[in-house]
Amino acid sequence: MIAETLTLTRLNLRLKRGYLAAWLIPLWILVAAFPVAYQEYYPTLASRQEMQEAMNANAGTIAIYGHIAEPGTVGDMVTWEVAMWLGVLGSVMAVLLITSLHRRTEYDGVGELQRSTGIRPATPAAAALTTTFVATAVLGAGAGVILFGLGAVVDEFYAAGALAFGVTVFLMTFAGALLAELVLLFVSDGSSLTLTALVTIVASFLLRAAADVQEIDWLNWLTPLGWRAQIVPYDRDDWSAAAIAAAICLVGVVAVMTAERFRSFGSALVRMPLPKRTPDRRVQGMFGLHRLQITPAVVAWLAVLAVLAAFLMAMSGSIQELVAGEGATGEIFRDLLGGTAAYEAFIGYIAQVCGILIAVAAVSVIHGLSRIEADRTLDLARSTGLRRGTPPAVIFSWALIVAVALVAVLHGAGAFGLWTQETTVPEDYTTLAWASWSQLAAAWVTLGFATAVVGLRPQATMATWLIVGVAGTVALVGEIFQFPQWAIDLSPFSHTMVNAESDVLPIVVMVLLGAGFTAVGLVGAARREVR
């Protein structure tokens, strides 16, 4: 089995080399860029200690990032913020990777092809785990090497801290993938695999936030994202905690491989009892059929966005004093949020973050057109007499409906989060309405661009994720890293409105561009031959 696993692992790495490069390189750039920004805003240890005290006294930043270790060196700040981002984003990379290499293959025909070669049933799972292990180890090793190299210019960096940082990133991300794999043992619906796996990251983040806010140290052991607070690179460099985390990962690997011996192909480990009689499904044409197909994923998106929006908006009260404060801390938050009005800036920023997720959800729906071409379902649909333009129009319509529904959830859940804060005033709800619904323009133009790509050249479908990722990154950190203003303005996510006086021209331009992209994509999809 070892030889089979290594052979399939090499194939997996070859097939996913572009995917891994698209994730690893930006994350390593993030690691290299943040220490430089810290030294620019906080050139002395005294200024960093001021920031450390302010952040550790604020419930909002504790919930999002956790605690900064004393005395607040550049290494402490890197562990506080960069390790959090690498833990979350690296977990997303690892979760999507392991899901696509293992459970997803059981529903797209690849798993059957693999088994037809005579490999053992557990080999695909072992190869997926090995591939994910390699990917997360490379991520952690690269981060550690970068910080070790920066030690030549940052006096507060040292070799043991860089090594502990890399190990921490590896353990958090690999354990995140293991957690998702364990949860997916109980999922049999192929259409909800990816979203269920991503929900485990959200749950891990929320549990870590609760542990830090309530100062329940042992609770951090229950979530991979909380292991950073146990190892604490550049402070404690606790190798005993790292060893415990590694042992937990080993137990997780054994649990997954043991469960695979008892799980049937294409089904859950434990089958949930079904009702004796289920109501008949009324498909009512392709529109109704596509609704049935995307419902599980859409429900998961709605739930994730509702929890995230309510949670982050509830932090507005504690963030207010930081944004309005004097000194470097207030300056960096104003640069991050792009404004000086505390509530308006923070509400707009959270709406911007959620707007990126809304665009991702809408784009994932329109990618369904490429998928039904690849698996030949589109041929079957056309054989029933459907017009060429019907499938693209139906899928685009549902993508737009999903975007509108998610914006409505952002507005409603965000309002609930604001309602929980005593400092909220009526004007804040108006700001939320402007900020929420202006995200629809960004989702519209992003969806239109993806429709044009899928409609004209479906082979380039995955490139749309790169565009969304770059645009989102520029919008979120462009101000802090002082990107050119034209680059920030090019991102559709940089134009969140917070009141009636906000510039409406970018919204109009995005609406027109989105309409043009959509028309080109739908016409192109209707006229070209199925690939």
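Glycine is no exception: its Cβ is also placed from the backbone N, Cα and C atoms.
As recorded in TrEMBL, the features of this protein are as follows:
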{"type": "TRANSMEM", "residues": "20-38", "note": "transmembrane segment"}
{"type": "TRANSMEM", "residues": "82-101", "note": "transmembrane segment"}
{"type": "TRANSMEM", "residues": "122-151", "note": "transmembrane segment"}
{"type": "TRANSMEM", "residues": "157-186", "note": "transmembrane segment"}
{"type": "TRANSMEM", "residues": "193-211", "note": "transmembrane segment"}
{"type": "TRANSMEM", "residues": "239-259", "note": "transmembrane segment"}
{"type": "TRANSMEM", "residues": "294-315", "note": "transmembrane segment"}
{"type": "TRANSMEM", "residues": "346-372", "note": "transmembrane segment"}
{"type": "TRANSMEM", "residues": "393-414", "note": "transmembrane segment"}
{"type": "TRANSMEM", "residues": "434-456", "note": "transmembrane segment"}
{"type": "TRANSMEM", "residues": "463-484", "note": "transmembrane segment"}
{"type": "TRANSMEM", "residues": "504-526", "note": "transmembrane segment"}
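Segment contact holds for the transmembrane segment (294-315) and the transmembrane segment (193-211), given three or more CB pairs below 8 angstroms at sequence separation of 6 or more. Under 8 Å from some Cβ of the transmembrane segment (122-151) lie the Cβ atoms of residues 1, 4-6, 8-9, 11-13, 16, 20, 23-24, 27-28, 31-32, 35, 75, 78, 86, 90, 93-94, 97-98, 101-102, 105, 111, 114-115, 157-159, 161-163, 165-171, 173-174, 177-178, 181, 253, 256-257, 260-261, all in the same chain and six or more residues away from its ends. In terms of C-beta pairs under 8 Å, the stretch of 239-259, 346-372, 393-414, 463-484, 504-526 lying closest in packing to the transmembrane segment (20-38) is 463-484.
Remark: the transmembrane segment (157-186) makes no contact with the transmembrane segment (434-456), by the rule of 3 or more CB pairs under 8 A. Note on the transmembrane segment (346-372): residues 290, 293-294, 297-298, 301, 304-305, 308-309, 312-313, 315-316, 319-320, 323, 336-339, 378, 381, 391-392, 395-396, 398-400, 402-403, 406-407, 410, 414, 418, 428, 431-432, 435-436, 438-439, 442-443, 446-447, 450-451, 454-455, 458, 461, 464-465, 468, 472, 475-476, 492-494, 496-498, 525 of its chain, located 6 or more positions outside it, place their CB under 8 angstroms from a CB of the stretch. For the transmembrane segment (463-484), the list of distant contacts is 22, 26, 33, 37, 332, 335-336, 338, 352-353, 356, 359-360, 363, 367, 446, 449-450, 453-454, 490-494: same-chain residues at least six beyond its ends, Cβ to Cβ under 8 Å. Same-chain residues lying 6+ beyond the ends of the transmembrane segment (434-456) with a Cβ under 8 Å from its Cβ atoms: 347-348, 350-352, 354-355, 358-359, 362-363, 366-367, 369-370, 392, 396, 399-400, 403-404, 406-407, 410-411, 414, 463-464, 467-468, 471, 492-493, 495-500, 502, 506-507, 510-511, 513-518, 520-525, 528.
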